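> Copied straight from Swiss-Prot:
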type: CARBOHYD; residues: Asn29; note: N-linked glycosylation site
type: CARBOHYD; residues: Asn38; note: N-linked glycosylation site
type: CARBOHYD; residues: Asn47; note: N-linked glycosylation site
type: CARBOHYD; residues: Asn48; note: N-linked glycosylation site
type: CARBOHYD; residues: Asn92; note: N-linked glycosylation site
type: CARBOHYD; residues: Asn160; note: N-linked glycosylation site
type: CARBOHYD; residues: Asn210; note: N-linked glycosylation site
type: SIGNAL; residues: 1-27; note: signal peptide
Amino acid sequence: MKISMINYKSLLALLFILASWIIFTVFQNSTKVWSALNLSISLHYWNNSTKSLFPKTPLISLKPLTETELRIKEIIEKLDQQIPPRPFTHVNTTTSATHSTATILNPRDTYCRGDQLHILLEVRDHLGRRKQYGGDFLRARMSSPALMAGASGKVTDFNNGTYLVSFTLFWEGQVSLSLLLIHPSEGVSALWSARNQGYDRVIFTGQFVNGTSQVHSECGLILNTNAELCQYLDNRDQEGFYCVRPQHMPCAALTHMYSKNKKVSYLSKQEKSLFERSNVGVEIMEKFNTISVSKCNKETVAMKEKCKFGMTSTIPSGHVWRNTWNPVSCSLATVKMKECLRGKLIYLMGDSTIRQWMEYFKASINTLKSVDLHESGKLQHQLAVDLDRNINIQWQKYCYPLIGSMTYSVKEMEYLTRAIDRTGGEKNTVIVISLGQHFRPFPIDVFIRRALNVHKAIQHLLLRSPDTMVIIKTENIREMYNDAERFSDFHGYIQYLIIKDIFQDLSVSIIDAWDITIAYGTNNVHPPQHVVGNQINILLNYIC
């Protein structure tokens, strides 16, 4: 017994010495230990974010979420609540345009210009059964093709299978009404779930050049590989892009990029059937006759004030008449472009839809001269000047993700936040930003983060140069039957709502290209010149 006690005490002494040594070692190397923990958790976070920025099972983190991450989380949670899961066992249980019923409330033989026309929509499935929930992606439009007139309608979802569709009768004549079921609520739910599951619908290929050697390598926002990666990071804004590092090639040798769609889908076979051409954009009001709208001897409409920077927008924001855009809340004057732009420095930042503006300016102002910036490719930065009038207009693309089958240079690419940061700004400086189309194939957190970072950069710009005019151009609607999982207008509509929400607290103006292109009925990511010209006319009224 005595020997056992001695052995027990000896064991305790040894354990105490061992514990003391471990504590001493950790204390001496605490910085290294915590750095290692931080690094592993950071890599774990980035490498496991392919399903969602904020997974169902939260990761254990030693660092609290940043303000940006908290805001992203908040926005995604709100969207998740608005787009609940809608599983279905058969297509017959999804919304049917044919079986749904639309009824004009308080119908009349003739309506008066300026009246509100309301339609009650009750949606049913393909078996004719009344649906008990909403969430369908609908598009309402009124038009008079002979008058080259059009406007969007407002859709109110009561979340019980009924909707109120409201039209403002802006003009006289015979008016056609349209209500399209773009996607049933089950399709909306499937698109939302699929979007946030993967970053690999688009494959990026980077070209690395070192002397006479040229190598191509896989790149992307997230790469699920154990290979060594080149990391192109903006640590401040927490944005990144990655390429598999080529052998015997430095990461700085990346010069060009192109992309293509990958044969991958996160939709089930049953879900895919909802996005076949015959099931997308189906007319609900096909049997409706045109309605007649008259002046009705109403008093002359009061003159509206001229459109100016900072005005708020309504829904709908205006209408097309004789192919010309007419806002609801103000009137657009005819502006002489050359004189309006005299002494102005115009920055056009974004995708190819804002590059259309650049091309329009160059085609419309014969005194603008293009400056060779010694770049190559379709997406090269553009600069045009009129030295006599001191006009300077430039377009630059934004940083990843930038989708394009044609090879483009990345040597001059930068995040828009950095371009805004180095802009001095003053009363004759105008910045127009367009984000959206290239983000549609990726999880929504990528777009939200970019929008928040741009918001912060604009906020800083307006603090140091409050006279700078910043205009946000929203997305155009695009082709309806083109690869819904990647490019559906549903994705664009969510981004449109996010933009309006994020930028509402800043002194910026929004050009509602979404509503404008619905009114024109273009269904083209690159609308025709007359539509682009009307978008630009809003800009000219804002800045002159």
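For all residues, glycine too, the Cβ spot is worked out from N, Cα and C.
What you are looking at is a predicted structure, and each value in this text was computed from that prediction instead of being measured.
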> So for Asn92 (N-linked glycosylation site), how many other CB atoms are inside 10 Å of its CB?
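I count 12 other Cβ atoms within 10 Å of it.
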> DSSP three-state call for Asn160 (N-linked glycosylation site): helix, strand or coil?
coil
> Look up Asn92 (N-linked glycosylation site) in the DSSP assignment and report helix, strand or coil.
helix
> Report, as a single number, how many Cβ atoms besides its own are within 10 Å of the Cβ of Asn210 (N-linked glycosylation site).
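For Asn210 (N-linked glycosylation site), the count of other Cβ atoms within 10 Å is 14.
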> How many whole Å apart are the CA atoms of Asn92 (N-linked glycosylation site) and Asn160 (N-linked glycosylation site)?
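Approximately 19 Å lies between the Cα of Asn92 (N-linked glycosylation site) and that of Asn160 (N-linked glycosylation site).
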> Cα-Cα separation of Asn160 (N-linked glycosylation site) and Asn210 (N-linked glycosylation site), in Å?
61
